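The annotation signal peptide is assigned in Swiss-Prot to 1-18. Residues or ranges marked as region '8 X 22 AA approximate tandem repeats' by Swiss-Prot: 74-246. Residues or ranges marked as repeat '1' in Swiss-Prot: 75-95. Taken from Swiss-Prot, the feature repeat '2' covers 96-117. Annotated repeat '3' per Swiss-Prot: 118-139, in sequence order. The annotation methionine sulfoxide is assigned in Swiss-Prot to Met137. The repeat '4' annotation in Swiss-Prot covers 140-161. Residues annotated as phosphoserine in Swiss-Prot: Ser141. The feature region 'LDL and other lipoprotein receptors binding' is assigned by Swiss-Prot to 152-162, with similarity to another entry given as support. According to Swiss-Prot, the heparin binding site annotation covers Leu156, Arg157, Lys158, Arg159, Gly220, Glu221, Arg222, Leu223, Arg224, Gly225, Arg226, Leu227. Residues or ranges marked as repeat '5' by Swiss-Prot: 162-183. Look at Swiss-Prot and you will find 184-205 tagged as repeat '6'. Swiss-Prot lists 204-274 with the feature region 'Lipid-binding and lipoprotein association'. Taken from Swiss-Prot, the feature repeat '7' covers 206-224. Residues or ranges marked as repeat '8' in Swiss-Prot: 225-243. The annotation region 'Specificity for association with VLDL' is assigned in Swiss-Prot to 262-274.
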Amino acid sequence: MKVLWAVLVVTLLAGCQADVEPELEAQEPAVWQNGQPWELALGRFWDYLRWVQTLSDQVQEELLSSQVTQELTVLMEDTMKEVKAYKSELEQELAPMAEETKARLSKELKAAQARLGADMEEVRNRLSQYRGEVQSMLGHSAEELRARLATHLRKLRKRLLRDAEDLQKRLAVYKAGASEGAERSVSAIRERLGSLVEQGRLRTAALTSQPLQERAQAWGERLRGRLEEVGSKARDRLDEVREQMEEVRLKVEEQAEAFQARLKGWFEPMMEDIRRQWADLIEKMQAAVGTSTPAPTQKP
């Protein structure tokens, strides 16, 4: 039954009017056609929406029933559980980062989670309202109600596309920020080391100008030993920073691959079930049409 109502949501999101389809194609990012695996799966999802639009408008009315609110509630709860699980994984990945960065990212994730819940709640309310109006008609024709619903859902599609693009931009900013932070750390160490070397050079020049040659040589040896010690510590610190950045990079890549695999595993079975449901439904409808068509009468 969940798959059946997923088909209902897909059909309504696809729109009931053919003239809204060019707008959808114009808004779809090109990266969904040749990007990461989860983006490719999302591209196949939108391709399937365009295919669903070619089906009969009567499919929507046949799928409506009194259980639509309950089924959508179950789907919403399952989706929010997945969002919370992914949020927990991100919090574990952010362990090596600064507290300020972790707090900012956690706040933005909570806001995105709230927007997602509000979007799904709006879809459920629109479908419930549409079902009630279809049953009572409220003085409107079915085409008028369908056009109103298509307008609301078209606005919702724009909002979802905007949120997806905003998420991609935020991920790019975080990636650039991490690289920039690592570069700043290395630059700061280099500047500090250069300052120590310059101070040592000035002190050596001052010592060599003293009349007592032995004292100058002693100070020079001590200074060189100090510089070598500082240089060794700086190199060790640089190596440690590089190792930490490499560990963070590997963890992020591993989590990203796992999430991409999860998205792929979620989308592809859903699409396969939807295709199977539609094939059975179309076959039943064709069989019903074939049996209900009266045989032509012969003229005497």
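Each residue, glycine too, has its Cβ placed from N, Cα and C.
DSSP assigns Arg226 (heparin binding site) to a helical segment in the three-state reduction. Mapped onto three states, the DSSP output places Lys158 (heparin binding site) in helix. The DSSP breakdown of the region 'Specificity for association with VLDL' (262-274) into helical (H, G, I), extended (E, B) and coil residues amounts to 13 helix, 0 strand, 0 coil.
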